[in-house]
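Comments concern the structure below.
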Amino acid sequence: LQAMSGNEQDWLALRPQEPSPSQCCGSGCKPCIYDVYEKELAQWERAKAMQDKSLLIGKKEQSNNSELNPDTFTAFSVSSVEQLTEDTYQYKFELPGNSSLRLSLGQHIVLRGVVKGLEVQRAYTPISPGNAEGYFEVLIKCYEAGLMSQYIKTWKRGDVVFWRGPFGGFPYRPNKHGELLMLASGTGLAPMIPILQSITDDEEDETFVTLVGCFPTFDKIYLKPLLQDLARYWNIRVFYVLSQETSLEKLPWSYQENTYTGRLNEDLMKTIINSCRRKPFVLICGSSAFIEDMSRYLKASGIEENSCFVF
């Protein structure tokens with residue numbers, strides 16, 4: 001067997017690495033990390049066939065021009081870290097000058113982390129308005145055993161992290177729907193916030209919104225001041241469903257009339273839908289189990305699948 005020539009080894013070293021499953025965030029990004037890999041592999045094969053390494057120069061792993069890009073990761077620095085609950089944090093990132101991410105509503109971006117030598121990617125939805133200038137903010141829940149969480153928990157001000165995107169989003173148009181019913185569990189609140197803010201910022205938009213936020217306890221409700229502010233608008237209602245609270249007596253009185261204890265079940269879903277002012281179009285965001293349950297209850301309440309959007 002003849003030894004591999006130095007030239008062969010050089011080319012092998014340049015071959016793009018196939019992503020591991022942990023690197024795919026599973027959010028259906030276009031392009032997915034596997035699409036990017038296929039594209040780079042084809043480029044490598046073409047360059048190798050022609051024995052011309054300059055054809056690979058265009059392969060930029062990451063960029064520093066702070067323009068968000070779906071294909072490559074861009075560096076952004078952490079400008080503040082705020083702990084919201086025992087396991088949830090709000091991170092603020094700097095954008096150069098007064099630039100903005102220019103996200104459309106409910107779009108997510110993908111974070112890359114390296115933990116114990118393993119590259120991991122996860123999708124998060126910024127909660128700052130899409131046109132916010134000079135910064136963007138992301139709400140992240142850290143899990144005890146989560147790979148990405150171990151990386152995120154080390155962040156402090158001035159750290160540089162890599163994002164790519166944007167992806168997905170909900171094609172919202174003012175006044176297209178009479179009423180939006182938003183069903184959010186935990187950090188599933190994130191994509192709902194920019195949509196709510198775009199409605200309250202637009203005096204011409206008369207869409208009614210009923211937001212149902214599901215949390216374990218009162219202490220674990222995120223962004224309370226922001227949600228209370230939004231609920232003051234004539235067309236916005238906010239309900240809370242607290243699965244681990246047993247009574248409402250300990251809650252501030254301003255929360256008592258719009259909070260339910262226990263889980264969001266089929267009966268409660270029917271009650272909420274019947275209280276909507278118009279037949280709602282439903283937005284859902286949460287764990288896969290939450291999405292499955294909600295879809296079932298909505299069906300039982302007579303809401304068709306074409307009247308739902310899942311983040």
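Glycine is treated like the rest: Cβ placed from N, Cα and C.
For reference, TrEMBL has these:
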- ARG122, TYR124, LEU139, LYS141, MET148, SER149: FAD binding site (BINDING)
- 71-173: domain 'FAD-binding FR-type' (DOMAIN)
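Around the Cβ of TYR124 (FAD binding site), the same chain contributes HIS108, ILE109, VAL110, LEU111, VAL138, LEU139, ILE140, ALA190, each under 8 angstroms and 6 or more positions distant in sequence. Ranked by Cβ neighbours within 10 A across all protein chains shown, the binding-site residues LEU139, MET148 are led by LEU139.
Binding-site extent for FAD: residues ARG122, TYR124, LEU139, LYS141, MET148, SER149, maximum pairwise Cα distance 14 Å (rounded to the nearest whole number). One residue stands out among the binding-site residues ARG122, LYS141 for having the most other Cβ atoms within 10 Å of its Cβ: ARG122. Under a cutoff of 8 A between CB atoms, and with a sequence separation of 6+ in the same chain, the neighbours of SER149 (FAD binding site) are CYS142, TYR143. The record gives ARG122, TYR124, LEU139, LYS141, MET148, SER149 for FAD. Within 8 Å of the mean position of their Cβ atoms, the other Cβ atoms in that chain belong to LEU111, VAL138, ILE140, CYS142, GLY146, ILE152, THR187.
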